Amino acid sequence: MKIAIAGASGRMGQMLIDTVLRTPGVTLGAALDRPGSDAVGQDAGVKLGKTTGVIVTDDVRAGLSQADVLIDFTRPDATLNHLNVARELGTAVVIGTTGFTAEQKASFKTYGESIGVVWAPNMSVGVNATFKLIEVAAKILAQGYDVEIIEAHHKHKIDAPSGTALKMGEIVAEAQGTKLADRAVYAREGETGPRELGTIGFATVRGGDIVGDHTVLFAGDGERIEITHRSNTRQSYAEGAVRAAVYVAGKKGLYDMNDVLGL
């Protein structure tokens, strides 16, 4: 099975290429990067000190024609462009990009009518196990506990809160029979007054090279429960994405990591 990697010269792209090269049963079919990138025209393994035989291209159509599945951790506008080309060519897509609007996320179902699409705000097996723990806790602690979600990422991340943090908020809200849009508080400043009952607060930290830390805090009177996941490297994301690519190859429909992991 051949896999194409979008954003091939980036940190995540390089991790994905390395993971594909080390995974039995899959090969690197194409490596895509933005027009003007210094990586275009070079072997996809140059930064890794490896020779892959795959040349980085900015021609999306040419690249996707050489692959069964595209793994995309880029930006929303680029991902949507890739999805359009993939649909025309019948190439499945694994989406790890975050920062989509609600309308853009809703469009994934339409793409799934023609090709296989896996979309998840986080591909890590550990994070998806954490999602399940949060769901259980949210049901048990539905009364008498305030919910706060704290996330930290590196200084280069461009969206906030993170897609993973938002997913955690959605899980809490849905487990308690509500909608995140009705409960979310994304900023506090100045004299905010007492905390409003039932809200789900978000706090965002950006700095250094933090790969990704997420904590859901259930704060009650006299006790608090914290469920935390910390990523030390991007390797778990890459391994989960390749696992998702193997799962979705040859399928149609919209899937998430619960489907991939059989949760």
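Using N, Cα and C of the backbone, Cβ positions are placed for all residues, glycine too.
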Fill in: Of the candidates Asp33, Asp77, Asp146, the one that Swiss-Prot places in the NAD(+) site of Gly7, Ala8, Ser9, Gly10, Arg11, Met12, Gly96, Thr97, Thr98, Ala120, Pro121, Asn122, Met123
Asp33
Item to complete: Please report the DSSP secondary structure of Thr164 ((S)-2,3,4,5-tetrahydrodipicolinate binding site), reduced to three states.
Response: helix
Response to the item:
The rounded CA-CA distance in Å from Thr97 (NAD(+) binding site) to Gly163 ((S)-2,3,4,5-tetrahydrodipicolinate binding site) is 9
Practice prompt. For Asn122 (NAD(+) binding site), just give me the three-state DSSP call.
Written response: coil
Item to complete: Filter the binding-site residues Gly7, Ala120, Asn122, His154, Thr164 down to the ones within 10 angstroms of Arg34 (NADP(+) binding site), Cα to Cα, kept in sequence order.
Response: Gly7
